[in-house]
Amino acid sequence: MQRIELATVLLLGLASFADLSIIIVYPVYKIVCYDYSTLLQNSLLFYEAQRSGKLPSDQKVTWRKDSALNDKGDNGEDLTGGYYDAGDFVKFGFQMAFTATVLSWGLLDHEAGYSNAGALEDGRKAVKWATDYFIKAHTSEFEFYGQVGDGIADHNYWGRPEDMTMDRPAFKITASAPGSDLAAETAAAMAAASLVFKTVDSAYSTTLLQHAIQLFNFANTYRGKFSDSIDNVRCCYKIHSTLGWSVGVAIYSLYSSSNYNDELVWGAAWLYRATQDNQYLNVVQQEYPTVQYWVGFDWDQKTSGADVLLAQLTGESSYSSKTKNYCDNIINNQQRTPKGLIFISEWGSLRESANAMFICLKAAELGISADSYRTEAKRQIDYILGDSGRSYIVGFGTNPPTHAHHRSSSCPDAPATCDWTQYSTTDPNPHVLIGALVGGPGANDDYEDVRSDYQHNEVACDYNAAFQGILAINHINVVTAALEFTITHTT
């Protein structure tokens with residue numbers, strides 16, 4: 001009887017089972033996968049590198065230091081902490097909240113994947129770094145700071161966050177300057193996180209839920225788009241695909257919200273999950289007819305996420321049918337690159353594919369086209385990890401990115417100078433931004449690892465969120481498949 005080497009067992013994520021004498025491990029070479037366990041750990045290191053504020057004593061990414069310690073609200077409120085959005089140093093609350101919601105979703109539903117990878121505690125810390133900041137930013141019942149830092153001034157600076165000297169104004173939503181999308185997304189993040197911490201820190205969980213309830217009431221009572229109230233967010237650009245399933249044409253629009261109805265549905269669904277209060281399902285039913293469907297699932301478009309979450313919570317076929325239609329369209333009709341990447345947007349193409357696959361993996365858990373969705377999700381993630389011919393994860397695999405558009409990792413250690421001259425150098429970034437997912441290739445698998453290409457080579461907190469959730473799911477699937485193979489071949 002041939003046995004598998006322990007090293008291979010470790011690669012497959014079976015280390016936690018290796019000492020169980022009741023399990024006889026047979027060859028599992030048919031299960032081909034990347035090291036999802038290490039990738040999950042590395043993704044969490046990326047979030048450490050994005051931290052703003054006073055860093056904790058257990059910080060693992062030690063080339064980062066304390067920064068932005070004077071972030072304050074209009075009346076001196078402490079707004080330190082939270083995450084820098086991408087390769088810059090603005091704290092965009094809308095994108096940060098989406099990141100926290102999706103990270104919490106992955107932790108909540110796939111705790112075993114984190115636990116088996118030895119990443120559960122770090123996963124919780126990643127969520128808490130955001131939610132601690134949101135608690136500070138929620139300064140009163142109908143007041144929430146949604147951004148710290150001037151986008152234009154920030155983007156005119158290339159250097160370390162520790163060395164910033166420009167003014168960092170704070171921008172808020174209020175009853176007279178509302179932001180239903182921002183408030184509802186932050187409510188979703190707080191509600192989801194309250195469930196993550198419910199059995200770990202009940203007092204903190206209760207605090208998060210209280211904020212979630214207040215923020216959702218704020219969102220629902222005072223209607224409006226946050227980008228109409230916080231116009232500084234218009235500093236920055238995104239590309240959004242708007243022309244349907246198969247066309248995949250992207251157009252420029254401002255780094256702002258397209259609408260708020262989907263966030264009201266999404267936030268209400270998470271409040272229902274956290275409270276089991278039917279008033280939130282009533283909001284879903286009231287707002288659902290107004291939501292629009294887009295190709296992607298991202299910080300601006302929540303409908304497909306709300307559908308699969310509501311299918312999970314209610315068991316209603318109307319939601320599961322819409323989820324199936326979404327995934328079938330994405331998989332069967334959406335544009336692909338020659339090497340098979342599902343291509344939704346020129347900007348952050350890998351993020352968009354991973355986000356869509358996260359939704360389809362959640363659908364698979366509900367028994368919706370499970371085998372085909374899981375197969376496609378693995379294909380898309382493995383494209384990112386190396387099946388395309390290269391890795392798109394910094395510090396991992398074959399020919400990974402070394403010139404990510406990311407200010408802090410591009411800078412050498414102080415006191416060396418870091419400015420636009422450093423931006424222009426062709427040298428690799430002095431610090432390896434381990435675990436970061438870059439934007440990714442164009443429609444023809446075209447990609448050049450250059451720092452100046454922020455469209456394809458920038459990183460962002462929201463890029464890693466669903467990707468990280470898939471790593472946890474895939475880690476569980478690999479362990480399960482290996483155990484099933486083992487058990488089958490011991491009889």
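Positions of Cβ are set from backbone N, Cα and C atoms, glycine also.
Note: TrEMBL annotation is automatic and uncurated.
According to TrEMBL, the features are:
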- His405: active site (ACT_SITE)
- Asp449: active site (ACT_SITE)
- Glu458: active site (ACT_SITE)
- 36-471: domain 'Glycoside hydrolase family 9' (DOMAIN)
Rounded mean pLDDT for the residues that make up the domain 'Glycoside hydrolase family 9' (36-471): 94
Asp449, Glu458 as active-site residues, winner by CB count within 10 A: Glu458
Long-range Cβ environment of His405 (active site), under 8 Å and at least 6 residues apart: Gly87, Arg451, Ser452, Asp453, Tyr454, Asn457, Glu458, Val459
